[in-house]
Amino acid sequence: MPAPMDSLAAFATDKLAALESQSLRRRLRPTRRTDGVCVERGGRRLVSFSCNDYLGLSHHPAVKAAAAAAIESEGLGAGASRLVTGDNPLLATLERRLAALKGAEAACVFGSGYLANLGIIPTFMGAGDIVLVDELAHACIWGGARLSGAQVISFRHNDVDDLTGKLAAARGSARRALVATDGVFSMDGDIAPLDDISRTAQAWDAWLLVDDAHGLGVVGGGVGVGALFPSARIDLSMGTLSKALGAYGAYVCAAQPVIDLIKSRTRTVVYTTALPPAVAAGALAALDIIITEPKRVAAPRLRARRLTRSLGLPTAESAIVPIVLGDAETALAAAADLERQGLLAVAIRPPTVPANTARLRIACSALHTESQIDDLAAALQPWMQA
């Protein structure tokens, strides 16, 4: 007989104590976003540099009005999965607009970015296949790859030579191959070399999935990272509605038969309630703003570059600037110091980032003023020199 298990509560208590000892325990902190930049937390108003609402559209009057009007006419929730009665016409309209923006034949929306990659990859990959994943790709890509049952192979970050070598070693025995990467990496803000990755994937008869969650609305004139690499063949262009669009959910753009199969067989589409119509309406209004306001689209990167210039860091490629501090304790101390100064920059710790690379992940918004960026740079300087 095996030894009796601890109670579930005792097991959890031990796990939490171990995390606490490593400064890795997470705690929720109630936070209200009062506008596109500032938050209320612990009774204080803080300028936030930890929100992915890159264009400030979650609080844009046109976006809120569109969502409110949809609630009035369509109700709050979808009521069922899309294959039952949840396929509100606003969802198809949003999919057509996303596909047109991305230059794809069709699109499918999802409940979240995590659900998207958790569902997409197992739809196309399985036992006998290989999935090659950038080592710094988002957790949802890793989750979908592992869930698929395919052999999952990590390649060094943005290292096309390493990708080529690993494809060469494994491709011959595999039925199908998929290369999966972030477009803009969520914790570092750098951009994948998609032209070279695409050429390598094609040379080894592999499909390419790109997660453009942090590119849409920010890079490539708002179209996303694919617009920076027009020659790249991206078979599955996935992204979110929850970052620059200021809404919630996700999408994937691809060829029409690919999308048809996703809508028929992907478990995170078939077996879950559809996105609320109001979310689709708000996202549609946000797309209009991205298309018609190029200065707003350019602003987050300009703010990020002002910050990197002030701190003597490499020029920002996106709206994200990592301030890598090393151990978790230092990152937590730096975050607390900034919060005392009225600035919110949440510490990011393992396992979200690799060991010894705990950091403050700075997310710049179109609504940040230059003086707010300068205040942040001044507050960060002592930690850069420590």
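We count from 1, first residue shown onward.
Just so it is clear, glycine is given a Cβ too, placed from its N, Cα and C backbone atoms.
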So Swiss-Prot lists GLY113, TYR114, ASP211, ASP212, ALA213, HIS214, THR240, LEU241, SER242, LYS243 for pyridoxal 5'-phosphate; which of SER186, SER198, SER231, SER264 goes with them? SER186
Of the residues HIS60, HIS138, only one is listed by Swiss-Prot in the substrate site with ARG26, THR352. Which is it? HIS138
Any idea what the Cα distance is from SER186 (pyridoxal 5'-phosphate binding site) over to HIS138 (substrate binding site), rounded to a whole Å? 7
Within 10 Å of its Cβ, which one of these binding-site residues (SER186, THR352) has the largest number of other Cβ atoms? SER186
Considering each pair of residues in ARG26, HIS138, THR352, all listed as binding substrate, report the largest CA to CA distance in Å, no decimals. 19
Could you state the whole-number distance in Å separating the C-alpha atoms of LYS243 (pyridoxal 5'-phosphate binding site) and HIS138 (substrate binding site)? 15
Taking the Cβ of HIS138 (substrate binding site) as the reference point, list residues of the same chain whose Cβ is under 8 angstroms away and which are at least six residues distant in sequence. GLY113, ASN117, ASP182, SER186, ASP211, ALA213
In sequence order, what residues of the same chain, 6+ apart, have a Cβ less than 8 Å from the Cβ of HIS214 (pyridoxal 5'-phosphate binding site)? ASN52, TYR54, ASP182, GLY183, VAL184, PHE185, SER186, GLY189, LYS243, SER318, ALA319, ILE320
Cα-Cα, whole number of Å: THR352 (substrate binding site) versus LEU241 (pyridoxal 5'-phosphate binding site)? 21
